Amino acid sequence: MSAIPQEILHEAVTAKKASIQPFAASEKVYLQGSRPDLRVPMRKISQSDTPTNTGREKNPPVYVYDTSGPYTDPTVSVDLRLGLPPLREPWIEERGDTELLKGPSSSYGLQRQRDPALASLRFEHIRAPRRAKGGANVTQMHYARQGIITPEMEFVAIRENQKLEALAETYKFQHPGEAFGAAIPQVITPEFVRDEVARGRAIIPSNINHPESEPMIIGRNFLVKINCNLGNSAVSSSIEEEVEKMLWAIRWGGDTVMDLSTGKNIHETREWIIRNSPVPIGTVPIYQALEKVDGKAEELTWEIFRDTLIEQAEQGVDYFTIHAGIRLPFIPLTAKRTTGIVSRGGSIMAKWCLAHHKESFLYTHFEDICEIMKAYDVAFSLGDGLRPGSIADANDEAQFAELRTLGELTRIAWKHDVQVMIEGPGHVPMHMIKANMEEQLKHCHEAPFYTLGPLTTDIAPGYDHITSAIGAAMIGWYGTAMLCYVTPKEHLGLPNKQDVRDGIIAYKIAAHAADLAKGHPGAQARDNALSKARFEFRWQDQFNLSLDPEKALEFHDETLPQEGAKQAHFCSMCGPHFCSMKITQDVRDYAREHGLDEAQALAKGMEEKSDEFVRSGAEVYQRT
């Protein structure tokens with residue numbers, strides 16, 4: 001728990017240096033779009049020159065996707081008490097289909113606003129909420145289906161291309177991929193983005209009340225994304241700690257963040273997070289609704305849930321996990337499972353269904369929920385409340401019965417032009433993972449798949465970021481669009497900052513491995529650049545090009561801490577005499593000096609060694 005008194009909260013909520021410090025040799029750059037206010041951020045990684053016999057060879061910079069927002073831009077000063085600039089506000093206003101409200105329209109939002117006891121916790125600079133004008137639909141899917149390319153779509157297209165046109169010839173080589181039916185173009189255009197969103201194959205989570213967000217896209221024909229979970233609980237964390245966690249997550253590469261808070265002051269905590277987040281924020285609204293009935297699932301009502309949806313939509317939540325696929329007939333299917341129902345949201349709704357012996361209000365009021373979603377452009381993340389919690393329960397009838405229902409609900413949401421992604425498992429052994437992707441594509445009509453792992457074995461508590469990253473890489477290759485990270489603390493406790501970092505890096509590896517396997521254009525460029533740096537013993541460039549430069553440097557310095565070791569032409573694994581890359585370089589130098597190609601140099605070198613062996617007496621072992 002934080003020891004900071006509430007009355008000085010606003011002074012306490014400041015960004016820690018470690019969360020906003022740019023990576024070494026990295027610079028925030030912006031690619032200009034078609035309008036002055038459309039500037040797309042990238043991270044430019046500079047490299048050192050390669051020494052050659054004739055001078056120095058320039059190594060071009062590498063451009064990479066950047067999720068850290070303006071925080072890592074040293075030219076921008078961000079005050080967390082004021083929040084981020086409303087990047088998308090002019091775009092939203094220009095469309096002319098929304099209106100500003102005088103204040104919150106949810107009962108709970110009004111109650112919190114009028115409570116004087118919360119003044120010290122409240123984010124001070126709250127904008128009036130915005131809502132669609134009567135009869136209007138303000139979703140990105142609706143615009144896409146009208147043939148409109150929004151600034152958000154253009155922003156996404158520029159961002160996904162990662163400045164491929166500037167890619168050096170040295171880094172362009174890429175192995176052909178196997179995309180399992182995905183249709184990934186060589187260049188992502190705004191029109192392609194529009195078409196994918198219109199078809200429902202991709203979503204751009206972009207609530208009109210979260211204008212601070214930098215547009216991003218989730219779909220299998222785009223880069224694989226990762227989500228990071230954070231949130232307080234009844235026994236831990238504070239507002240300032242949750243904001244800090246969000247900053248930490250996006251620095252290391254979180255594409256979206258889910259606030260799963262279940263403790264005190266959920267409403268106020270969420271406001272602080274959204275106002276300072278450049279990435280989409282997701283929630284599970286049933287968690288907060290449950291708090292409103294003191295944790296008694298059977299006392300939940302549609303009215304309480306509806307008010308919670310409006311409350312969160314008007315704060316700016318970009319996507320809601322809603323477990324509308326849990327139906328009363330499916331609950332008995334879990335009776336013989338090894339681990340039953342492991343989803344929190346799933347167990348809440350199962351308990352409600354059994355207590356009332358009828359279908360859940362999430363299912364029966366689904367079209368009413370769609371009406372709310374399209375008034376704010378909140379995307380559905382249709383929850384997998386019956387996901388397997390052990391590999392023994394993988395791919396059972398309960399799991400797939402719910403999945404088929406999610407496909408039916410997707411059709412209903414699309415009828416309202418509401419954006420949808422589908423949540424997936426869970427715990428699945430490797431040989432059963434592909435079937436999950438195939439079933440999802442078959443029954444959910446190519447809506448983006450968003451999976452928790454899956455974990456490929458149950459025997460590694462403390463290492464579930466690894467057991468799940470294996471499954472995540474596989475299912476990402478097969479077509480999953482976003483991977484929900486798992487930390488080493490999964491099943492054991494609440495993650496700290498180091499656990500969050502470890503989980504994110506494990507999932508960045510999984511997502512990138514999937515992009516490589518799919519053959520996503522330009523995915524291999526960073527690998528090629530790092531491999532070249534490794535071969536040329538450019539140690540600092542190796543560190544800087546890695547997903548975790550600080551860890552790479554730390555590990556190197558544990559063995560070779562001297563500054564001179566960073567210029568050494570060998571590594572700590574093999575030493576100076578057995579380094580395979582150094583030997584290869586020696587062969588190339590020999591070839592150059594004697595006017596030979598590499599094959600001739602190897603043959604000539606072997607011949608010289610043979611002569612030396614014979615001259616020394618042709619003895620295998622020499623007396624010393």
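Residue 1 is the first one shown; counting continues down the chain.
Cβ coordinates come from backbone N, Cα and C, glycine included.
For Tyr287 (substrate binding site), applying a Cβ distance below 8 Å and a minimum sequence separation of six or more within one chain yields Leu260, Ser261, Thr262, Ile266, Arg344, Gly345. DSSP classifies Tyr287 (substrate binding site) as helix under the three-state reduction. Residues or ranges marked as substrate binding site in Swiss-Prot (evidence: sequence analysis): Asn229, Met258, Tyr287, His323, Ser343, Arg344, Gly345, Asp384, Gly385, Leu386, Arg387, Glu423, Tyr450.
Annotation comment: Swiss-Prot describes His427, His491 as Zn(2+) binding site. Proximity of His427 (Zn(2+) binding site) to non-local residues of its own chain (separation of 6 or more, Cβ distance below 8 Å) is seen for Pro388, Gly389, Ser390, Ile391, Asp393, Ala394, Gly453, Pro454, Leu455, Asp458, given in sequence order.
Residues or ranges marked as [4Fe-4S] cluster binding site in Swiss-Prot (evidence: sequence analysis): Cys571, Cys574, Cys579.
What Swiss-Prot records for 45-54 is compositional bias 'Polar residues'.
Residues or ranges marked as region 'Disordered' by Swiss-Prot: 40-61. Sequence-distant contacts of the region 'Disordered' (40-61) (same chain, six or more residues past either end, CB-CB distance under 8 Å): 23, 25-33, 68-70, 72-73, 155, 158-159, 162-163, 166, 168, 170-171, 214, 529, 532-533, 536, 538, 540-541, 544-545, 592.
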Q | His491 (Zn(2+) binding site) and Tyr450 (substrate binding site), distance between Cα atoms, whole Å | A | 20
Q) Arg387, His491: which of these binding-site residues has the highest Cβ count within 10 Å of its own Cβ? A) Arg387
Q) What three-state secondary structure does DSSP assign to Asn229 (substrate binding site)? A) strand
Q: Between the Cα atoms of Asn229 (substrate binding site) and His491 (Zn(2+) binding site), find the distance and write it as a whole number of Å.
A: 14
Q) Pick from Gly345, Gly385: which of these binding-site residues has the biggest number of other Cβ atoms within 10 Å of its Cβ? A) Gly385
Q) Nearest to His491 (Zn(2+) binding site) by Cα, among Ser343, Gly385, Arg387 (binding-site residues)? A) Ser343
Q) DSSP three-state call for Gly385 (substrate binding site): helix, strand or coil? A) coil
